[in-house]
Amino acid sequence: RLPPTGTLRTAGCDVAFPSQTVRPPPAPFPPQMGEFLDPLAEYNEEEEEKKYYRRKRLGVIKNVVAASVGAMIVYGVYMGLLQMQFILHYDTTYREVKYSSLGLEDIDKKMLMGINVTPIIGLLYTPVLIRFLGTKWMMFLASGIYALFVSTNYWERYYTLVPSAVAIGVAIVPFWASLGNYITRMAQQYYEYMNYKQEHVQEQKKLPKGACHPYIIVFQSISHIIFNLSFVFAELPTLVVLNPQLLQSSHILYNVKKCGADVQGMIPGFNDTVLLTLPHSMVLIEVESVLMGFAFLSMIIFLGLCGAAYRPTEEIDLRSIGWGNIFQLPFKHLRDYRLRLLCPFFIYSGFETAFAIFGISMSYGVCVLGLDNLWLLVAAYGLSTSIFSSLSLCLLRLPRWAGLAGSAVIHGVLLVALLAFSPPPRDPTYQGALLSIIVLWGMGSALNKSGLSIVLGMLYGEEKERLDFVYTIYHWWQAIGIFIVYLWSNFPMRVSLLAGLTHRLCYYGNQGAFLLMQRVFQLEPSLTKPDSQVKPGLNPELGLIKYPSDQEC
């Protein structure tokens with residue numbers, strides 16, 4: 001081995017060799033590569049954690065907006081197609097020319113029966129479906145059923161329209177219960193992402209009482225603001241396709257003698273012929289294709305943009321109490337005095353929406369202004385409910401019953417006014433008064449609907465394992481309210497008005513009883529538990545895993 005410098009002495013001679021050159025130190029990495037490769041680069045863990053949970057919160061807001069927009073599209077397509085279909089099928093000329101021997105009028109009655117009667121059994125299967133499929137997938141499946149209803153209108157026959165209408169009735173309660181549950185769960189998740197450093201959040205314990213109430217109020221208000229625009233978009237097919245084909249109001253309302261509170265049934269004397277010319281079949285196919293496209297768009301929104309409502313472990317825990325208990329728990333939840341006192345409000349929420357469309361818009365609006373102004377009345381109602389749903393944000397400062405109380409006052413005054421209001425038919429001078437009535441009714445509807453969803457979320461916001469049962473009960477009673485309106489559609493208008501007014505007067509008694517039980521008697525709600533057949537190692541109240549203590553072991 002040679003030394004670095006010097007000479008090498010061998011036998012008889014000295015051999016010189018050049019000194020070894022010293023290599024220069026390696027050049028430093030470029031700045032960008034150094035930041036990437038240097039293990040000692042600055043890394044702010046707290047800042048990265050804040051960015052992560054900020055993205056999570058933005059994802060929650062995206063989920064709320066996407067679910068609301070998807071529901072708005074679904075119901076806008078559904079109501080728009082249904083309205084256009086009923087106007088076409090009502091016209092005698094259209095039935096005789098295109099479907100002379102089919103009996104479209106009888107098919108429409110069967111469809112209405114399927115849509116309004118089937119939800120009565122919704123309490124039996126809704127919780128099982130939601131917990132089996134999950135909240136997000138239940139909304140996706142229900143939107144697919146609505147898309148199926150749209151597709152059956154390409155071939156209008158008894159065996160296509162009636163079964164699809166029954167399927168719509170089956171999907172109504174699960175869809176609404178899933179949507180209400182989803183929005184409330186997003187509020188809970190937003191609270192968890194805002195307070196991710198709290199001990200009860202990290203350990204996934206029960207949330208403190210009232211912790212997520214502000215987020216429930218904001219998210220439910222946003223959801224109702226967006227969804228109620230469906231009434232506006234539902235009028236576009238009728239406005240674009242059928243309104244230019246309608247006869248004049250003087251012909252359609254020629255035999256109508258009275259309107260408003262004096263009416264019995266929908267509109268006595270309404271002409272059987274309402275179309276001046278029949279729309280071309282290709283035009284109807286194009287409209288249905290556009291609606292079908294929007295129905296598929298709503299399915300894509302639910303599937304691609306809406307995140308999961310529960311963690312996978314939470315979904316397993318929710319199912320772990322057993323399917324028999326899941327089936328029974330909606331009925332046992334009625335032992336909770338809070339739900340029993342809110343049942344009249346649930347029924348009225350179905351009544352007031354159906355009455356706005358079939359009562360005020362038809363027996364008052366169309367009877368006086370004509371069928372060509374139906375779109376204006378319904379659009380005004382939808383725009384009013386959308387705008388005034390923002391008033392629910394006042395519950396951030398006001399008591400939670402303020403929205404329901406405001407709705408009771410507005411609707412009570414309007415019902416008394418409608419009892420005494422019987423305008424003459426074919427008189428356009430009442431347009432301003434009717435629009436004012438429908439806008440004020442929409443204001444009351446907005447306060448009632450959003451107020452009920454917020455109250456339920458605030459009462460059960462900390463109990464995520466009960467949300468699907470609670471919203472199922474709410475929308476089941478709501479469907480029963482719509483069914484009651486369907487039953488008395490041929491009754492005198494004053495009977496409907498008196499029934500609604502009596503219901504509004506019951507509000508004060510129920511609200512007083514609710515406050516009395518909570519504040520005076522300090523009564524705790526009777527929360528239900530599965531009675532038997534609970535799997536070992538499970539908490540029967542929450543359905544979550546309960547690990548045994550050392551003594552139990």
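Each residue, glycine too, has its Cβ placed from N, Cα and C.
Look at TrEMBL and you will find 60-81, 111-130, 137-155, 161-184, 290-310, 341-362, 374-396, 401-421, 433-457, 469-488 tagged as transmembrane segment.
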Considering only the recorded stretches 111-130, 290-310, 433-457, state which has the highest number of Cβ pairs under 8 Å to the transmembrane segment (469-488). 111-130
Would the transmembrane segment (161-184) count as touching the transmembrane segment (341-362), if touching means at least three Cβ pairs under 8 Å and pairs must be 6 or more apart in sequence? no
For the transmembrane segment (60-81), sequence-distant contacts whose Cβ falls under 8 Å of one of its Cβ atoms, 6 or more beyond its ends: 139, 142-143, 146, 149-150, 153, 168, 175, 179, 182-183, 186, 189-190, 193, 219, 222-223, 225-238, 288, 291, 294-295, 297-298, 301-302, 305-307
